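As written in Swiss-Prot, here are the features:
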type	residues	note
TRANSMEM	53-75	transmembrane segment
TRANSMEM	79-97	transmembrane segment
TRANSMEM	246-266	transmembrane segment
TRANSMEM	283-303	transmembrane segment
BINDING	Val284, Ala285, Ile287, Glu289, Asn710, Asp714	Ca(2+) binding site
ACT_SITE	Asp331	active site, 4-aspartylphosphate intermediate
TRANSMEM	675-695	transmembrane segment
TRANSMEM	703-723	transmembrane segment
TRANSMEM	747-767	transmembrane segment
TRANSMEM	791-811	transmembrane segment
TRANSMEM	831-851	transmembrane segment
TRANSMEM	865-885	transmembrane segment
Amino acid sequence: MSNWYSKTKDQTLIDLETNEQHGLTEEIASERLKQYGSNELATKQKRTLWQRIFAQINDVLVYVLIIAALISAFVGEWADASIIALVVVLNAVIGVVQESKAEQALEALKKMATPKAIVKRDGELKEIPSEHVVPGDIVMLDAGRYIPCDLRLIETANLKVEESALTGESVPVDKDAIYHPSMQSDEQVPLGDQKNMAFMSTLVTYGRGVGVAVETGMNSQIGKIATLLHEADDDMTPLQKSLAQVGKYLGFVAVAICIVMFLIGFLQRRDTLEMFMTAISLAVAAIPEGLPAIVSIVLAIGVQRMIKQNVIIRKLPAVEALGSVTIICSDKTGTLTQNKMTVTHFYSDNTYDQLENLNVNNDVQRLLLENMVLCNDASYNNESQTGDPTEIALLVAGSTFNMQKDYLEKIHERINELPFDSDRKMMSTVHTYDESYYSMTKGAIDKLLPRCTHILKNGKIEVLTEADKNQILEAARAMSREALRVLSFAFKQYNSSNVDIDHLEENLIFIGLVGMIDPPRTEVKDSITECKKAGIRTVMITGDHKDTAFAIAKELGIAEDICEIMIGTELDNISDTELASKIDHLHVFARVSPEHKVKIVKALRAKGNIVSMTGDGVNDAPSLKQADVGVAMGITGTDVAKGAADVVLTDDNFSSIVKAVEEGRNIYRNIKKSILFLLSCNFGEIITLFLAILLGWATPLRPIHILWVNLITDTLPALSLGVDPEDPDVMKEKPRHAKESLFSGSVPFLIFNGVVIGLLTLIAFIAGAKFYTGDTNLFPLFPERIDEDALLHAQTMAFVVLSFSQLVHSFNLRSRTKSIFSIGIFTNKYLVFSLLIGVLMQVCIISIPPLANIFGVHALTLRDWGFVLLLSIIPLVVNEIIKLAKKN
């Protein structure tokens with residue numbers, strides 16, 4: 001990439017073979033579009049369909065299921081093989097579909113705004129889509145327009161560009177088209193100092209300019225950052241790690257159990273084919289086949305709920321990660337604040353007050369308002385606004401007193417002007433006022449006040465005394481103490497329109513001051529208080545000045561003392577170790593660069609925190625990637641920031657992050673309920689089969705029974721638990737520890753309930769055989785002593801009790817401490833519906849002959865059904881007794 005800033009205008013035009021007057025021809029532009037490609041940021045290469053499918057099946061659990069399906073098919077159990085294969089295919093389809101939806105959402109975000117560019121081609125100005133701009137195009141710039149590519153400026157008129165998307169600096173930068181010989185050195189000049197360059201995705205806030213396109217698409221400065229992002233890998237979230245660990249563990253357990261059971265069967269001299277099927281039964285029992293799909297579906301439902309809270313989840317695991325966040329690092333502008341400068345105070349005619357108390361009937365204060373509106377190059381109405389944010393704030397203030405710029409300029413026509421420049425820090429305009437002429441001047445108080453010789457007080461022009469100056473400066477200091485940006489205003493009267501522009505800003509008459517600030521969002525303070533209750537720390541990170549940052553932070557309750565702030569220069573001079581030792585006591589970082597943000601996030605994560613980071617600019621992308629949860633702004637955010645983030649806020653509001661955290665906590669809690677339910681049920685199945693084989697009994701459950709229970713009977717309650725109503729106290733709890741296991745404190749519960757379900761199933765198996773044969777021997781269960789019909793009846797009883805007891809057990813998962821009767825059985829209508837559907841389907845399997853043949857089950861008597869129902873409610877009764885005992 002050439003250092004275009006170090007070349008003269010003529011040399012740049014020669015190198016790019018273009019012409020300032022005529023631009024490129026359409027023919028050459030078309031050729032260059034083919035040569036350089038479209039002027040847009042490339043997305044990460046999409047995975048092929050086969051790559052996506054392989055990613056979904058590349059898992060230990062899935063491999064065990066595939067082997068089980070192959071063995072089932074080999075021994076002629078086609079029903080079992082088909083069901084297992086269906087499970088594998090369904091899981092893969094759900095995963096692939098979910099990934100495709102995420103990609104579609106990304107594409108939609110990219111297309112939300114397709115900016116246009118005005119270029120000169122064949123000597124004519126044409127508006128074209130920005131992606132069609134090519135190197136050598138002559139591009140026109142004016143206020144309010146986004147810059148379509150990297151430009152070497154060749155003509156400017158008071159051009160200001162807001163480069164925060166690239167550099168992080170929110171104050172617009174003055175641009176020129178001048179060749180700077182000092183930039184000829186070998187050292188790379190920082191982007192912020194390349195005054196004769198304008199960069200892709202930055203915004204013109206003032207003036208106009210002409211530039212020649214030098215770099216487009218991925219060759220632009222923003223493209224370079226996008227390239228780095230594509231090379232970065234994403235870390236796994238705690239839930240992903242836990243599920244991956246569970247998957248591997250269960251896979252190995254399934255294989256180990258199969259081997260052990262096969263050896264036991266061999267020692268017991270059992271039939272080889274029977275042991276194959278028993279081993280498959282155990283493998284299937286050990287694996288919660290519906291788990292991946294259930295987790296994905298619950299997360300997807302959570303995503304839909306979050307959309308209603310103005311939160312778009314780009315990556316499903318971010319839902320869970322949000323729930324474990326311990327620190328929210330938030331940008332100030334637009335997220336904690338309203339992102340619009342607002343005039344809040346004024347000083348005029350010896351009066352210092354809030355703007356709402358300004359008196360338009362007071363001649364001095366009215367002239368202050370007129371100056372604010374007339375000495376102004378911005379435009380504003382209810383539908384749109386263009387120009388510098390400070391000037392827009394002045395117009396908004398005027399409009400609240402019914403002073404519209406269009407109307408005032410008709411009465412007081414502008415006849416001359418002296419534009420703002422960064423050296424004078426002032427701007428002046430000349431207007432007609434009845435039979436005379438007024439020059440209106442606004443600017444920084446340190447530049448304007450020394451040029452004032454008089455003051456307008458009580459409707460009269462008086463000499464400006466030292467006492468007056470002291471009073472003015474004290475008013476300015478009062479505004480500064482409240483972190484307000486201070487602007488001063490003056491005027492001068494003329495009898496003729498022949499005004500000497502060189503002396504326009506001399507011997508001025510002081511009118512007044514205004515103080516403005518980007519005020520906090522009204523709802524944010526309550527959200528930060530809620531975060532504190534939830535054990536979440538809010539850290540403000542901003543490029544703004546220390547005093548402004550502290551004023552906002554104090555008002556919002558983020559910081560209480562100035563010692564809780566660190567500025568960028570201090571971060572430069574502190575080691576990572578020192579920062580880590582201090583970071584727990586720092587709540588605000590001011591005047592920071594993108595590199596500082598990454599350093600802060602690293603330090604916070606090194607202390608074991610789960611960090612959420614907000615950002616909107618390209619420069620924020622590295623820190624968004626570095627954080628556990630990157631949150632991009634949907635309104636002001638760049639495509640690169642959105643691409644780097646896990647979450648996008650459609651309203652750019654801090655309160656939406658807090659709502660997302662609450663939703664994330666509830667979703668994680670519900671997913672945990674679903675997983676514990678599935679695993680306790682699977683453990684019950686393993687207990688049933690393991691004990692039966694160990695005792696030398698016939699197999700109490702067939703593979704198809706276990707598959708049915710795992711895929712259908714268990715899946716509906718697991719999904720229903722995944723959408724359990726929100727816990728109103730969830731934001732009163734501290735965040736869970738980053739290393740906390742998914743099963744923390746839950747293993748005894750899981751094992752106990754698994755044993756209960758397993759033993760109840762075995763009791764049903766014993767009773768089924770006894771009821772059918774009438775054998776007085778307690779255990780007529782050895783394969784050689786039980787006939788086929790009796791075994792069928794016993795397996796049917798075991799199958800029904802296993803299914804029903806698991807359905808009832810699902811109600812235990814709603815709360816481990818509160819009784820289901822105090823929560824309310826019907827407060828989760830989906831769970832009640834799942835229970836009814838599960839019972840109905842089970843009855844159909846037993847009662848409808850074709851289904852009974854497929855599942856290998858036997859009709860039950862009224863006595864059988866009564867016994868089954870009695871056994872099935874025991875898990876609920878036992879858990880309610882335990883809860884009551886703990887409570888007392």
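Glycine is no exception: its Cβ is also placed from the backbone N, Cα and C atoms.
From a predicted model like this one, the values you see are computed outputs, not experimental measurements.
Taking the features listed in Swiss-Prot, we show where each one sits on the structure.
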residue: Ile287; record: Ca(2+) binding site; DSSP (3 states): coil
residue: Asp331; record: active site, 4-aspartylphosphate intermediate; DSSP (3 states): strand
residue: Asn710; record: Ca(2+) binding site; DSSP (3 states): helix
For the transmembrane segment (53-75): best-contacting stretch of 246-266, 747-767, 791-811, 831-851, by Cβ pairs under 8 Å: 246-266
Close in space, distant in sequence - Asp331 (active site, 4-aspartylphosphate intermediate), Cβ under 8 Å, 6 or more apart: Met540, Ile541, Thr542, Thr614, Gly615, Asp616, Asp620
Candidates Ile287, Asn710, Asp714: member of the binding-site residues with the richest Cβ shell (10 Å): Asp714
Tertiary contacts of the transmembrane segment (831-851), as residues 6+ beyond its ends and Cβ separation under 8 Å: 708, 712-713, 716-717, 719-721, 724, 796, 800, 803-804, 807-808, 810-811, 814, 825, 857-860
Range from 79-97, 675-695, 747-767, 791-811, 865-885 with the greatest count of C-beta pairs under 8 A to the transmembrane segment (703-723): 791-811
